[in-house]
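Encoded as C-alpha coordinates, the structure appears first; notes follow it.
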Amino acid sequence: MARGDGSRRQRAIRDKSSLGLFVFQNKDELSESCLCRGDEGRNCASARRPHPWAELQAGEDQLASPRTPRRSSVLVCGGGRLPSLRMWDPGATARIRAHVGTAWRRCFRAGEDEEEEEEQRLVDREERAELEDDCCPLQEGGDPHQHTQRSITTWEAGWNITNAIQGVCVLGLPYALLQSGFLGLVLLVLSACVCSYTGKILISCLYEEDEQGHVRRIRHTYEDVADTCCPRLGGRLVGAAQLVELTFTCVLYLVIGGNMMSHGLPFLPLTPATSSALTFLTLAPCVVIRDLRVVSRLSFLCSLAQFLLTFIVIGYCLCQCPRWAYGVLALAVDFDHFLVAAGMIIFSYTSQILLPALEGSMAERAEFGSMMDCTHTLAGVLKTAFALLALLTWGHDTKEVVSENLPMALRMMINLCLLTKSLLSYPLPFYAAAQLLHTDVARSGVAQDGWGGAGGGAEWHVLLLRGSLLCLTFVMAACVPHISLLMGLTGSVTGATMTLLLPALFHLRLKWAGLGWGGRVLDSLILALGVLCTVAGIIYSVRGVLEALGNR
(Lines of atoms letter the chains of each structure in order from A and count residues from 1; the text may use other names and numbers.)
(Lines give C-alpha, C1' and ligand atoms only; values in the text may rest on other atoms or scores of the structure.)
Protein backbone atom coordinates (compact mmCIF):
# COMPACT_ATOMS: atom_id res chain seq x y z
CA MET A 1 0.00 0.00 0.00
CA ALA A 2 1.34 3.40 -0.90
CA ARG A 3 2.57 5.69 1.84
CA GLY A 4 0.32 8.46 0.60
CA ASP A 5 -2.74 6.26 0.98
CA GLY A 6 -1.87 5.50 4.64
CA SER A 7 -1.42 9.19 5.50
CA ARG A 8 -4.67 10.09 3.79
CA ARG A 9 -6.46 7.34 5.67
CA GLN A 10 -5.12 8.53 9.07
CA ARG A 11 -6.13 12.13 8.36
CA ALA A 12 -9.64 11.02 7.50
CA ILE A 13 -9.90 9.15 10.78
CA ARG A 14 -8.59 12.04 12.90
CA ASP A 15 -10.85 14.63 11.33
CA LYS A 16 -14.55 13.99 11.93
CA SER A 17 -15.58 16.34 9.16
CA SER A 18 -13.65 14.32 6.54
CA LEU A 19 -15.79 11.22 6.91
CA GLY A 20 -17.69 10.44 3.74
CA LEU A 21 -20.47 8.26 2.41
CA PHE A 22 -19.26 5.29 0.42
CA VAL A 23 -20.83 2.39 -1.38
CA PHE A 24 -19.11 -0.94 -0.88
CA GLN A 25 -19.16 -3.38 -3.70
CA ASN A 26 -19.88 -6.46 -1.59
CA LYS A 27 -20.36 -7.53 2.01
CA ASP A 28 -16.94 -9.10 2.32
CA GLU A 29 -15.29 -5.77 1.61
CA LEU A 30 -17.68 -4.15 4.10
CA SER A 31 -16.74 -6.59 6.85
CA GLU A 32 -13.02 -6.22 6.32
CA SER A 33 -13.23 -2.44 6.26
CA CYS A 34 -15.34 -2.08 9.40
CA LEU A 35 -13.74 -4.43 11.89
CA CYS A 36 -11.38 -1.78 13.24
CA ARG A 37 -10.51 1.88 12.90
CA GLY A 38 -7.73 4.35 13.40
CA ASP A 39 -4.17 3.07 13.41
CA GLU A 40 -5.51 -0.48 13.61
CA GLY A 41 -6.71 -0.12 10.02
CA ARG A 42 -3.35 -1.33 8.75
CA ASN A 43 -4.00 -4.76 10.28
CA CYS A 44 -7.69 -5.10 9.41
CA ALA A 45 -7.18 -8.33 7.56
CA SER A 46 -5.85 -10.10 10.66
CA ALA A 47 -7.89 -8.29 13.37
CA ARG A 48 -11.37 -9.79 13.69
CA ARG A 49 -12.67 -8.01 16.79
CA PRO A 50 -16.36 -6.98 16.58
CA HIS A 51 -16.85 -3.31 15.93
CA PRO A 52 -19.99 -1.17 16.05
CA TRP A 53 -19.66 -0.28 12.38
CA ALA A 54 -20.47 -3.88 11.57
CA GLU A 55 -23.97 -3.36 12.95
CA LEU A 56 -24.77 -1.43 9.81
CA GLN A 57 -24.83 -4.68 7.86
CA ALA A 58 -28.07 -5.64 9.63
CA GLY A 59 -29.72 -2.42 8.57
CA GLU A 60 -28.54 -2.59 4.97
CA ASP A 61 -31.90 -3.64 3.57
CA GLN A 62 -33.71 -0.94 5.54
CA LEU A 63 -31.36 1.85 4.50
CA ALA A 64 -31.06 1.01 0.88
CA SER A 65 -33.47 2.67 -1.53
CA PRO A 66 -35.65 0.45 -3.75
CA ARG A 67 -33.57 1.69 -6.65
CA THR A 68 -30.31 0.72 -4.96
CA PRO A 69 -28.94 -2.78 -5.67
CA ARG A 70 -29.37 -5.04 -2.64
CA ARG A 71 -25.70 -6.10 -2.78
CA SER A 72 -24.57 -2.51 -2.20
CA SER A 73 -24.22 -1.15 1.36
CA VAL A 74 -24.11 2.52 2.36
CA LEU A 75 -22.21 3.64 5.45
CA VAL A 76 -19.58 5.97 6.88
CA CYS A 77 -16.18 4.37 6.77
CA GLY A 78 -14.31 4.61 10.06
CA GLY A 79 -11.06 2.95 9.10
CA GLY A 80 -9.40 0.27 7.02
CA ARG A 81 -8.59 0.63 3.40
CA LEU A 82 -10.68 3.01 1.37
CA PRO A 83 -13.19 1.31 -0.94
CA SER A 84 -13.99 2.42 -4.41
CA LEU A 85 -16.61 5.16 -4.71
CA ARG A 86 -19.80 4.29 -6.57
CA MET A 87 -22.99 6.16 -7.38
CA TRP A 88 -25.54 6.05 -4.56
CA ASP A 89 -29.26 6.81 -4.31
CA PRO A 90 -29.96 10.36 -3.01
CA GLY A 91 -33.46 9.30 -1.97
CA ALA A 92 -32.14 7.44 1.07
CA THR A 93 -30.21 10.42 2.47
CA ALA A 94 -32.52 11.18 5.38
CA ARG A 95 -32.62 7.59 6.63
CA ILE A 96 -28.90 7.14 6.15
CA ARG A 97 -28.10 10.36 7.99
CA ALA A 98 -30.06 9.28 11.07
CA HIS A 99 -28.45 5.84 11.14
CA VAL A 100 -24.97 7.25 10.52
CA GLY A 101 -25.42 9.68 13.40
CA THR A 102 -26.17 6.80 15.74
CA ALA A 103 -23.17 4.83 14.50
CA TRP A 104 -20.90 7.88 14.85
CA ARG A 105 -21.84 8.33 18.50
CA ARG A 106 -21.31 4.64 19.23
CA CYS A 107 -17.85 4.62 17.71
CA PHE A 108 -16.31 7.96 18.58
CA ARG A 109 -18.05 8.96 21.83
CA ALA A 110 -17.51 5.63 23.62
CA GLY A 111 -21.15 5.33 24.65
CA GLU A 112 -21.37 8.70 26.41
CA ASP A 113 -24.15 10.01 24.22
CA GLU A 114 -26.10 6.78 24.55
CA GLU A 115 -25.97 7.00 28.33
CA GLU A 116 -27.08 10.63 28.30
CA GLU A 117 -29.87 9.93 25.83
CA GLU A 118 -31.06 6.89 27.78
CA GLU A 119 -31.11 8.91 31.00
CA GLN A 120 -33.02 11.70 29.28
CA ARG A 121 -35.50 9.19 27.86
CA LEU A 122 -36.07 7.79 31.33
CA VAL A 123 -36.62 11.29 32.74
CA ASP A 124 -39.03 12.15 29.91
CA ARG A 125 -40.89 8.88 30.41
CA GLU A 126 -41.26 9.54 34.12
CA GLU A 127 -42.41 13.11 33.50
CA ARG A 128 -44.98 11.94 30.95
CA ALA A 129 -46.24 9.30 33.34
CA GLU A 130 -46.43 11.84 36.15
CA LEU A 131 -48.29 14.26 33.90
CA GLU A 132 -50.85 11.59 33.01
CA ASP A 133 -51.24 10.72 36.67
CA ASP A 134 -51.37 14.31 37.85
CA CYS A 135 -54.00 15.28 35.33
CA CYS A 136 -56.20 12.72 37.08
CA PRO A 137 -55.70 13.33 40.80
CA LEU A 138 -57.79 10.31 41.71
CA GLN A 139 -56.14 7.73 39.51
CA GLU A 140 -55.14 5.70 42.54
CA GLY A 141 -58.77 5.57 43.52
CA GLY A 142 -59.60 3.68 40.39
CA ASP A 143 -62.02 5.95 38.63
CA PRO A 144 -62.53 4.20 35.32
CA HIS A 145 -62.83 7.50 33.50
CA GLN A 146 -59.60 9.06 34.68
CA HIS A 147 -57.77 8.05 31.54
CA THR A 148 -59.95 10.46 29.54
CA GLN A 149 -58.79 13.47 31.56
CA ARG A 150 -56.73 15.94 29.55
CA SER A 151 -54.52 18.88 30.34
CA ILE A 152 -55.93 22.36 30.79
CA THR A 153 -54.31 25.61 29.74
CA THR A 154 -53.05 28.27 32.12
CA TRP A 155 -56.03 30.45 31.21
CA GLU A 156 -58.47 27.66 32.04
CA ALA A 157 -56.76 27.10 35.38
CA GLY A 158 -56.91 30.84 36.01
CA TRP A 159 -60.65 30.92 35.30
CA ASN A 160 -61.16 28.12 37.80
CA ILE A 161 -59.20 30.00 40.47
CA THR A 162 -61.04 33.21 39.64
CA ASN A 163 -64.34 31.40 39.96
CA ALA A 164 -63.30 30.07 43.36
CA ILE A 165 -62.06 33.36 44.84
CA GLN A 166 -64.36 35.77 42.95
CA GLY A 167 -67.52 33.89 43.81
CA VAL A 168 -70.87 35.10 45.06
CA CYS A 169 -69.25 35.57 48.47
CA VAL A 170 -68.11 38.99 47.26
CA LEU A 171 -71.67 40.27 47.75
CA GLY A 172 -71.35 39.63 51.47
CA LEU A 173 -68.05 41.48 51.85
CA PRO A 174 -69.57 44.96 52.44
CA TYR A 175 -71.53 43.52 55.37
CA ALA A 176 -68.35 41.82 56.65
CA LEU A 177 -66.51 45.13 56.36
CA LEU A 178 -69.27 46.83 58.34
CA GLN A 179 -68.81 44.30 61.14
CA SER A 180 -64.99 44.44 61.17
CA GLY A 181 -64.18 48.12 60.53
CA PHE A 182 -60.68 49.23 59.55
CA LEU A 183 -59.24 45.87 60.57
CA GLY A 184 -61.48 44.20 58.02
CA LEU A 185 -60.24 46.56 55.31
CA VAL A 186 -56.65 45.64 56.12
CA LEU A 187 -57.60 41.98 56.22
CA LEU A 188 -59.14 42.21 52.73
CA VAL A 189 -55.83 43.34 51.24
CA LEU A 190 -53.65 41.12 53.40
CA SER A 191 -55.70 37.99 52.73
CA ALA A 192 -55.10 38.24 48.98
CA CYS A 193 -51.32 38.32 49.46
CA VAL A 194 -51.26 35.62 52.13
CA CYS A 195 -53.59 33.24 50.27
CA SER A 196 -51.56 33.56 47.08
CA TYR A 197 -48.39 32.80 49.04
CA THR A 198 -49.86 29.82 50.91
CA GLY A 199 -51.16 28.39 47.63
CA LYS A 200 -47.68 28.50 46.11
CA ILE A 201 -45.95 26.97 49.14
CA LEU A 202 -48.56 24.22 49.23
CA ILE A 203 -47.72 23.30 45.64
CA SER A 204 -44.00 23.44 46.46
CA CYS A 205 -44.63 20.73 49.06
CA LEU A 206 -45.63 18.39 46.22
CA TYR A 207 -42.11 18.53 44.79
CA GLU A 208 -38.77 17.21 46.00
CA GLU A 209 -35.26 17.31 44.58
CA ASP A 210 -33.71 13.93 43.75
CA GLU A 211 -30.06 12.88 43.94
CA GLN A 212 -29.34 14.18 40.43
CA GLY A 213 -30.73 17.62 41.29
CA HIS A 214 -33.94 17.22 39.31
CA VAL A 215 -37.12 18.57 40.90
CA ARG A 216 -39.78 15.85 40.74
CA ARG A 217 -43.48 15.87 41.63
CA ILE A 218 -43.63 12.98 44.07
CA ARG A 219 -46.92 13.91 45.74
CA HIS A 220 -50.19 14.50 43.98
CA THR A 221 -52.84 15.65 46.47
CA TYR A 222 -53.26 17.65 49.64
CA GLU A 223 -53.71 14.34 51.46
CA ASP A 224 -50.35 13.06 50.22
CA VAL A 225 -48.62 16.07 51.78
CA ALA A 226 -50.48 15.51 55.05
CA ASP A 227 -49.59 11.80 55.04
CA THR A 228 -45.92 12.70 54.65
CA CYS A 229 -46.01 15.02 57.66
CA CYS A 230 -48.35 12.89 59.78
CA PRO A 231 -48.42 9.36 58.34
CA ARG A 232 -51.20 7.81 60.39
CA LEU A 233 -53.83 10.52 60.72
CA GLY A 234 -52.87 13.50 58.59
CA GLY A 235 -54.32 12.36 55.28
CA ARG A 236 -57.67 11.37 56.78
CA LEU A 237 -58.10 14.65 58.63
CA VAL A 238 -57.18 16.73 55.59
CA GLY A 239 -59.47 14.68 53.37
CA ALA A 240 -62.35 15.18 55.79
CA ALA A 241 -61.66 18.93 56.01
CA GLN A 242 -61.56 19.24 52.22
CA LEU A 243 -64.84 17.40 51.88
CA VAL A 244 -66.50 19.58 54.53
CA GLU A 245 -65.35 22.83 52.93
CA LEU A 246 -66.35 21.78 49.43
CA THR A 247 -69.74 20.56 50.64
CA PHE A 248 -70.39 23.80 52.53
CA THR A 249 -69.43 25.77 49.44
CA CYS A 250 -71.97 23.82 47.40
CA VAL A 251 -74.58 24.49 50.09
CA LEU A 252 -73.84 28.21 49.92
CA TYR A 253 -74.44 28.30 46.16
CA LEU A 254 -77.70 26.41 46.62
CA VAL A 255 -78.86 28.85 49.30
CA ILE A 256 -78.10 31.85 47.11
CA GLY A 257 -79.70 30.29 44.04
CA GLY A 258 -82.87 29.42 45.95
CA ASN A 259 -83.12 32.86 47.52
CA MET A 260 -82.69 34.56 44.16
CA MET A 261 -85.48 32.49 42.59
CA SER A 262 -87.95 32.98 45.43
CA HIS A 263 -87.22 36.56 46.53
CA GLY A 264 -84.95 38.22 43.98
CA LEU A 265 -87.12 37.95 40.86
CA PRO A 266 -90.57 39.52 41.39
CA PHE A 267 -91.75 38.53 37.91
CA LEU A 268 -91.38 34.86 38.98
CA PRO A 269 -93.83 34.29 41.86
CA LEU A 270 -92.20 31.14 43.21
CA THR A 271 -92.49 29.70 46.67
CA PRO A 272 -89.27 28.70 48.49
CA ALA A 273 -90.10 25.02 48.00
CA THR A 274 -90.65 25.48 44.26
CA SER A 275 -87.47 27.51 43.82
CA SER A 276 -85.46 24.90 45.71
CA ALA A 277 -86.88 22.15 43.52
CA LEU A 278 -86.05 24.09 40.34
CA THR A 279 -82.52 24.72 41.59
CA PHE A 280 -82.09 21.04 42.35
CA LEU A 281 -83.32 19.98 38.90
CA THR A 282 -81.12 22.58 37.20
CA LEU A 283 -78.01 21.26 38.92
CA ALA A 284 -78.86 17.56 38.48
CA PRO A 285 -76.67 17.23 35.30
CA CYS A 286 -73.61 17.84 37.50
CA VAL A 287 -73.65 14.14 38.39
CA VAL A 288 -72.45 13.23 34.89
CA ILE A 289 -69.63 15.80 34.57
CA ARG A 290 -66.31 13.92 34.38
CA ASP A 291 -64.03 16.32 32.49
CA LEU A 292 -62.34 19.25 34.22
CA ARG A 293 -62.34 21.17 30.94
CA VAL A 294 -66.14 21.30 31.03
CA VAL A 295 -65.92 22.77 34.53
CA SER A 296 -63.35 25.29 33.27
CA ARG A 297 -65.72 26.52 30.56
CA LEU A 298 -68.51 26.91 33.09
CA SER A 299 -66.07 28.80 35.33
CA PHE A 300 -65.32 31.16 32.45
CA LEU A 301 -69.03 31.92 31.98
CA CYS A 302 -69.67 32.48 35.67
CA SER A 303 -66.61 34.73 35.89
CA LEU A 304 -68.13 36.91 33.18
CA ALA A 305 -71.36 37.10 35.18
CA GLN A 306 -69.34 37.94 38.29
CA PHE A 307 -67.47 40.79 36.59
CA LEU A 308 -70.73 42.15 35.20
CA LEU A 309 -72.50 42.35 38.55
CA THR A 310 -69.36 43.71 40.25
CA PHE A 311 -69.01 46.56 37.76
CA ILE A 312 -72.73 47.34 37.95
CA VAL A 313 -72.54 47.77 41.72
CA ILE A 314 -69.29 49.76 41.55
CA GLY A 315 -70.73 52.03 38.86
CA TYR A 316 -73.85 52.72 40.89
CA CYS A 317 -71.79 53.45 44.01
CA LEU A 318 -69.62 55.92 42.13
CA CYS A 319 -72.73 57.74 40.96
CA GLN A 320 -73.82 58.07 44.60
CA CYS A 321 -70.53 59.56 45.81
CA PRO A 322 -72.16 62.81 47.13
CA ARG A 323 -74.10 60.71 49.64
CA TRP A 324 -71.17 58.66 50.92
CA ALA A 325 -70.93 58.11 54.69
CA TYR A 326 -67.25 58.48 55.43
CA GLY A 327 -67.48 57.77 59.14
CA VAL A 328 -69.01 54.32 58.80
CA LEU A 329 -65.71 52.45 59.24
CA ALA A 330 -65.12 51.99 62.96
CA LEU A 331 -61.81 51.56 64.74
CA ALA A 332 -63.31 49.61 67.64
CA VAL A 333 -65.63 46.72 66.76
CA ASP A 334 -67.27 43.87 68.59
CA PHE A 335 -64.83 40.96 68.84
CA ASP A 336 -67.48 38.34 68.11
CA HIS A 337 -68.63 40.15 64.99
CA PHE A 338 -65.05 40.68 63.87
CA LEU A 339 -64.23 36.98 64.03
CA VAL A 340 -67.29 36.06 61.98
CA ALA A 341 -66.41 38.78 59.46
CA ALA A 342 -62.80 37.58 59.32
CA GLY A 343 -64.08 34.10 58.54
CA MET A 344 -66.19 35.51 55.71
CA ILE A 345 -63.21 37.39 54.26
CA ILE A 346 -60.90 34.38 54.46
CA PHE A 347 -63.58 32.12 53.01
CA SER A 348 -63.82 34.41 49.97
CA TYR A 349 -60.17 33.60 49.11
CA THR A 350 -60.18 29.85 49.72
CA SER A 351 -58.94 27.83 46.74
CA GLN A 352 -56.10 25.78 48.24
CA ILE A 353 -58.02 22.52 48.22
CA LEU A 354 -58.40 22.83 44.44
CA LEU A 355 -54.79 23.77 43.70
CA PRO A 356 -53.03 20.35 43.64
CA ALA A 357 -55.50 18.97 41.09
CA LEU A 358 -55.47 22.16 39.00
CA GLU A 359 -51.68 22.48 39.02
CA GLY A 360 -51.33 18.81 38.13
CA SER A 361 -53.74 19.24 35.22
CA MET A 362 -51.94 22.29 33.79
CA ALA A 363 -50.07 21.81 30.54
CA GLU A 364 -47.53 24.48 31.63
CA ARG A 365 -46.91 23.96 35.33
CA ALA A 366 -44.11 26.52 35.40
CA GLU A 367 -46.73 29.25 34.93
CA PHE A 368 -48.62 28.31 38.09
CA GLY A 369 -46.95 30.93 40.29
CA SER A 370 -47.59 33.82 37.91
CA MET A 371 -51.18 32.64 37.46
CA MET A 372 -51.72 32.71 41.23
CA ASP A 373 -50.23 36.20 41.52
CA CYS A 374 -52.39 37.60 38.72
CA THR A 375 -55.67 36.06 39.89
CA HIS A 376 -55.22 37.06 43.54
CA THR A 377 -54.06 40.58 42.67
CA LEU A 378 -57.12 41.09 40.51
CA ALA A 379 -59.35 39.60 43.20
CA GLY A 380 -57.84 41.78 45.92
CA VAL A 381 -58.30 45.00 43.96
CA LEU A 382 -61.88 44.24 42.92
CA LYS A 383 -62.99 42.98 46.34
CA THR A 384 -61.51 45.91 48.22
CA ALA A 385 -63.01 48.48 45.85
CA PHE A 386 -66.36 46.70 45.80
CA ALA A 387 -66.69 46.31 49.58
CA LEU A 388 -65.44 49.81 50.41
CA LEU A 389 -67.57 51.64 47.85
CA ALA A 390 -70.69 49.69 48.77
CA LEU A 391 -70.16 50.35 52.47
CA LEU A 392 -69.62 54.07 51.88
CA THR A 393 -72.81 54.19 49.82
CA TRP A 394 -75.21 52.44 52.21
CA GLY A 395 -73.42 52.78 55.54
CA HIS A 396 -75.10 51.07 58.47
CA ASP A 397 -78.02 50.02 56.25
CA THR A 398 -75.80 47.59 54.34
CA LYS A 399 -77.49 44.20 54.16
CA GLU A 400 -76.00 40.70 54.21
CA VAL A 401 -76.29 40.49 50.41
CA VAL A 402 -75.55 43.96 49.06
CA SER A 403 -77.76 43.54 46.01
CA GLU A 404 -80.77 43.97 48.30
CA ASN A 405 -79.76 47.63 48.75
CA LEU A 406 -80.02 48.43 45.03
CA PRO A 407 -83.03 50.00 43.28
CA MET A 408 -85.54 47.54 41.85
CA ALA A 409 -84.39 47.76 38.22
CA LEU A 410 -80.73 47.22 39.05
CA ARG A 411 -81.62 44.67 41.70
CA MET A 412 -83.37 42.46 39.17
CA MET A 413 -80.38 42.67 36.83
CA ILE A 414 -77.98 41.88 39.65
CA ASN A 415 -80.18 39.04 40.86
CA LEU A 416 -80.21 37.49 37.40
CA CYS A 417 -76.41 37.69 37.26
CA LEU A 418 -76.23 36.32 40.78
CA LEU A 419 -78.55 33.43 39.98
CA THR A 420 -76.51 32.59 36.89
CA LYS A 421 -73.30 32.92 38.87
CA SER A 422 -74.46 30.65 41.70
CA LEU A 423 -75.71 27.93 39.35
CA LEU A 424 -72.55 28.00 37.21
CA SER A 425 -70.29 28.08 40.26
CA TYR A 426 -71.80 24.96 41.80
CA PRO A 427 -70.15 22.38 39.44
CA LEU A 428 -66.56 23.26 40.46
CA PRO A 429 -66.77 22.43 44.20
CA PHE A 430 -69.24 19.62 43.49
CA TYR A 431 -66.83 18.05 40.99
CA ALA A 432 -63.93 18.25 43.45
CA ALA A 433 -66.02 16.92 46.36
CA ALA A 434 -67.34 14.01 44.28
CA GLN A 435 -63.83 13.09 43.17
CA LEU A 436 -62.54 13.14 46.74
CA LEU A 437 -65.46 11.09 47.99
CA HIS A 438 -65.10 8.56 45.20
CA THR A 439 -61.40 8.12 45.91
CA ASP A 440 -61.97 7.60 49.62
CA VAL A 441 -64.67 5.01 48.98
CA ALA A 442 -62.59 3.17 46.38
CA ARG A 443 -59.50 3.08 48.62
CA SER A 444 -61.48 1.86 51.62
CA GLY A 445 -62.43 -1.30 49.76
CA VAL A 446 -66.19 -0.68 49.83
CA ALA A 447 -68.07 -2.37 47.01
CA GLN A 448 -65.07 -4.20 45.63
CA ASP A 449 -67.26 -6.01 43.08
CA GLY A 450 -67.39 -3.48 40.31
CA TRP A 451 -66.42 -0.31 42.19
CA GLY A 452 -63.80 1.62 40.29
CA GLY A 453 -63.65 -1.00 37.57
CA ALA A 454 -64.98 -1.08 34.06
CA GLY A 455 -68.54 -1.86 33.17
CA GLY A 456 -72.05 -0.82 34.04
CA GLY A 457 -71.68 -1.60 37.75
CA ALA A 458 -69.01 1.04 38.19
CA GLU A 459 -71.12 3.57 36.28
CA TRP A 460 -74.07 3.06 38.57
CA HIS A 461 -71.89 3.29 41.67
CA VAL A 462 -70.47 6.63 40.53
CA LEU A 463 -73.88 8.03 39.64
CA LEU A 464 -75.30 6.88 42.96
CA LEU A 465 -72.46 8.49 44.87
CA ARG A 466 -72.75 11.80 43.05
CA GLY A 467 -76.52 11.81 43.32
CA SER A 468 -76.29 11.23 47.07
CA LEU A 469 -73.88 14.15 47.39
CA LEU A 470 -76.25 16.40 45.43
CA CYS A 471 -79.16 15.43 47.69
CA LEU A 472 -77.05 16.02 50.81
CA THR A 473 -76.17 19.57 49.78
CA PHE A 474 -79.83 20.23 48.97
CA VAL A 475 -80.97 19.09 52.44
CA MET A 476 -78.25 21.14 54.16
CA ALA A 477 -79.23 24.24 52.18
CA ALA A 478 -82.79 23.89 53.46
CA CYS A 479 -81.59 23.60 57.08
CA VAL A 480 -79.10 26.51 57.24
CA PRO A 481 -80.41 29.43 55.17
CA HIS A 482 -78.35 32.14 56.92
CA ILE A 483 -75.72 33.08 54.35
CA SER A 484 -73.38 35.16 56.49
CA LEU A 485 -73.32 32.60 59.31
CA LEU A 486 -72.71 29.79 56.85
CA MET A 487 -69.83 31.67 55.24
CA GLY A 488 -68.34 32.52 58.64
CA LEU A 489 -68.64 28.96 59.94
CA THR A 490 -67.10 27.45 56.82
CA GLY A 491 -64.33 30.02 56.70
CA SER A 492 -63.47 29.49 60.36
CA VAL A 493 -63.71 25.70 60.53
CA THR A 494 -62.04 24.69 57.28
CA GLY A 495 -61.15 27.86 55.36
CA ALA A 496 -58.59 29.21 57.81
CA THR A 497 -57.27 25.71 58.49
CA MET A 498 -56.80 24.68 54.87
CA THR A 499 -55.77 28.13 53.64
CA LEU A 500 -53.47 29.41 56.40
CA LEU A 501 -52.64 26.86 59.05
CA LEU A 502 -51.85 23.64 57.17
CA PRO A 503 -49.89 25.07 54.19
CA ALA A 504 -47.58 26.99 56.53
CA LEU A 505 -47.21 23.98 58.84
CA PHE A 506 -46.43 21.55 56.01
CA HIS A 507 -44.01 23.99 54.38
CA LEU A 508 -42.08 24.38 57.63
CA ARG A 509 -42.08 20.63 58.15
CA LEU A 510 -40.92 19.62 54.66
CA LYS A 511 -38.79 22.59 53.56
CA TRP A 512 -37.20 23.70 56.84
CA ALA A 513 -33.63 22.99 55.72
CA GLY A 514 -33.98 25.05 52.54
CA LEU A 515 -35.73 28.04 54.13
CA GLY A 516 -33.96 31.17 55.27
CA TRP A 517 -34.80 33.01 58.45
CA GLY A 518 -37.20 35.29 56.62
CA GLY A 519 -39.18 32.38 55.20
CA ARG A 520 -39.32 30.62 58.55
CA VAL A 521 -40.56 33.73 60.34
CA LEU A 522 -43.20 34.40 57.66
CA ASP A 523 -44.49 30.84 57.77
CA SER A 524 -44.57 30.94 61.57
CA LEU A 525 -46.63 34.16 61.56
CA ILE A 526 -49.10 32.69 59.07
CA LEU A 527 -49.29 29.55 61.20
CA ALA A 528 -50.11 31.59 64.31
CA LEU A 529 -52.73 33.60 62.42
CA GLY A 530 -54.31 30.40 61.16
CA VAL A 531 -54.50 28.91 64.65
CA LEU A 532 -56.09 32.09 66.05
CA CYS A 533 -58.69 32.38 63.28
CA THR A 534 -59.55 28.70 63.43
CA VAL A 535 -60.04 28.34 67.18
CA ALA A 536 -61.79 31.65 67.82
CA GLY A 537 -63.88 31.48 64.67
CA ILE A 538 -65.16 28.00 65.43
CA ILE A 539 -66.40 29.04 68.87
CA TYR A 540 -68.24 32.18 67.83
CA SER A 541 -69.55 30.92 64.48
CA VAL A 542 -71.06 27.78 66.00
CA ARG A 543 -72.65 29.88 68.70
CA GLY A 544 -74.11 32.23 66.10
CA VAL A 545 -75.54 29.35 64.06
CA LEU A 546 -77.16 27.82 67.16
CA GLU A 547 -78.73 31.15 68.10
CA ALA A 548 -80.06 31.64 64.59
CA LEU A 549 -81.55 28.15 64.50
CA GLY A 550 -83.13 28.72 67.94
CA ASN A 551 -84.88 31.88 66.77
CA ARG A 552 -86.50 30.27 63.72
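Our numbering is plain: 1 for the first residue shown, then up by one each step along the chain.
For all residues, glycine too, the Cβ spot is worked out from N, Cα and C.
Where the annotation comes from TrEMBL, it is an automatic prediction and has not been curated.
Now, the feature entries from TrEMBL:
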DOMAIN    151-540  domain 'Amino acid transporter transmembrane'
TRANSMEM  182-207  transmembrane segment
TRANSMEM  237-256  transmembrane segment
TRANSMEM  268-288  transmembrane segment
TRANSMEM  300-326  transmembrane segment
TRANSMEM  338-358  transmembrane segment
TRANSMEM  378-396  transmembrane segment
TRANSMEM  408-428  transmembrane segment
TRANSMEM  489-510  transmembrane segment
TRANSMEM  522-542  transmembrane segment
**Item:** Long-range neighbours of the transmembrane segment (300-326), counting only residues six or more past its ends (CB under 8 A)
**Value:** 156, 159, 162-163, 166-168, 170-171, 382, 385-386, 389-390, 392-393, 395-396, 402-403, 406, 410, 413-414, 417-418, 420-421, 424-425
**Message:** Let me check one thing: do the transmembrane segment (182-207) and the transmembrane segment (378-396) come into contact, meaning three or more Cβ pairs under 8 Å with sequence separation of at least 6?
**Reply:** yes
**Item:** For the transmembrane segment (408-428), distant same-chain residues with Cβ under 8 A (at least six beyond the ends)
**Value:** 160, 163-164, 167-168, 171, 250, 253-254, 256-257, 260-261, 264-267, 279, 282-283, 286, 289, 294-295, 298-299, 301-302, 305-306, 308-309, 312-313, 316, 354
**Prompt:** Going along the chain, which residues at least six beyond the ends of the transmembrane segment (237-256) come within the CB cut-off of under 8 Å?
**Reply:** 167-169, 222-223, 225-226, 230, 276, 279-280, 283, 350, 353, 401, 418-419, 422-423, 425-426, 429-430, 432-433, 436-437, 440, 469, 472-474, 476-477, 480-481, 483, 486-487, 489-490, 493-495, 497-498, 502
